[in-house]
Amino acid sequence: MAEWNAFYQNEEADEEQEEGEESAVNYKVTGRDSLVFLVDASKEMFIKGEDGEPSNFDITMQCVRSVYTSKIISSHRDLVALVFYGTEKSKNPRNSFKHVYVYHDLDEPGAKRVQDVEALRGERGARLAADTMGSGEVSLGDALWCCSNLYSDIKLRLSHKRLMIFTCMDQPHGGDSTKDRQARTKAGDLKETGVVIDLMHLMKPGGFDVSLFFCDIVSPPEDESELGLQVEPCGKLDDLQKRVQAKQQKKRAMARVNLCLGEGMNVAVGVYANAVTARKPSAIRLYRETNEPVHSKTRTFHTQTGSLLLPSETRKAQVYGNRQIVMEKDEVDTIKKFYDPEIFLIGFKPMEKLKLHHHIRPSVLLYPEEQQVTGSSCVFAALLKKCTEKKVFAVCRYTPRRNYPPRFVALVPQREEVDESNVQVTPPGFNAIFLPFADDIRKLDTPQFPTASDVQVDKMKEIITKMRFKYRSDAFENPVIQQHYRNLEALALDMLAPESIEDFIMPKVEQIDRRLGPLVDEFKELVYPASYNPDSKPAAKRKTADAGGGDEKKPKVEIPEAELRAHIKNGTLGKLTVPVLKEACKQFGIRTTGTKKQELMDALIAQMAK
């Protein structure tokens, strides 16, 4: 019979899950994601840019490689394919379509596929592509039909199907109305089967006009958070990678709950993680003979008979007052339950009431779920608008899941922000900031230091002003994790040495010195004495003359037996310090293996009771 609190889910583990470790049961659709890269292989894609800039084909291959590697790290079970159209040679299932070359079927990404894409980069890759596929007639309708067959041949359950077209030709068929009509018809068939078609158009002389053909091919945005068709083409690798990342990363809700605004007024919202802590993947144990993953199973046996116990035959217990209280599973579930999963509105407060120290853990984002409750988007948008205008935040009680203790959160309104490329930087919604309880706020006895003068404070303000910069979370990578994945990549791709990384956490000393100039020396003159040298070692501590220069030992603190029994009788034994309790245990010949205060107290109480 196990302690019942051992079965109680740890709150810290729940916090990690809320930070982004999503559970598959919360997904609206279960299954694997799939992504097909449909790349134009016509001669125009291989033309280099001005000043020796890489060609559109080279930029596309670099983007495909980055997606392959990111999929291996983040979601290795997703399916990815690479298909070229406008080729001279043909390679596809049953060779039914001309000028379509299936380079990679829909399958999980791996090291071999990354090497294949890496071989297509640069001038050598362009020559390899010309020898392997060549450039020929373009028929986008046949290419879309071939991609449709790739999806139909997959027997696995797919949750999201996406197809990305990379091209620099706004009229791929040169004005051929028959081929244009066939491509539009096949694109419509793909959309009806749930395939989302996106266009990643690249730079071309004279500009790329999406209204000529591709505006009828691509799929409309699924919701307001989706990035729609962009008018401006991508001229650089960074812009292309941003658009691909914004499209291929499916936003999944950690939980879907009701935002209760009053009696009978519920708005369905999804809870999304704003930031997820990056961690190294856990080690996988392998069987040394077959090199297959080892799966562990836990079984419970009776201590006396040795028989196997079923889950229905086990009980949970809690020791309270030297008595073991046995509880059924239903009773434990009832004890752990507070409220049904929901966000219950309590009231509103001005924004100035929310302090910086109230932010105790990463926040989550609330976004309406129109499919769950009709009208949620309208009510949610109105609430967001009014909270922004009145500069208030909502105080709510948040219960994310059943059998989970409630938390108080502050719903802070957040408006949508986009960058120059019309890519969403900040999504609209409410940031749910977890508020501390009264027990979480403690008063600390801070040491007293000399108060700085006004001149010293003003000089430090100048230094801080010079050191300010606009912080972006994506500008700083974890060097330990980056080096870890570089090493794995080098092993998987048979590289001689891993790629070098740049540690962005280390301060740029030269740039800091140029910015500050003489301010540092001026501040030192105001604060430190003239003889102060920060590089000098601190002076060694002077040893005492007693006991051959050694430190003077503290005298042993012994406590009389009568006084010890009085403490036990009055229940004030906990007021004694740990060293005093240790000396008392030695005094009465009590052997203790632990060093915790409660263990020492229990040992003394048991000895005095004899």
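Including glycine, each Cβ sits where the backbone N, Cα and C put it.
TrEMBL assigns the feature region 'Disordered' to residues 534-561, out of the candidate ranges 170-197, 534-561.
Of the listed segments 1-24, 49-72, 217-240, TrEMBL assigns region 'Disordered' to 1-24. When DSSP labels each residue, the domain 'Ku' (306-452) comes out as 35 helix, 51 strand, 61 coil, counted as helix, strand and coil in that order. For the domain 'SAP' (573-608), the model's pLDDT averages out at 77.
In the domain 'SAP' (573-608), helix, strand and coil residues by DSSP number 25 helix, 0 strand, 11 coil.
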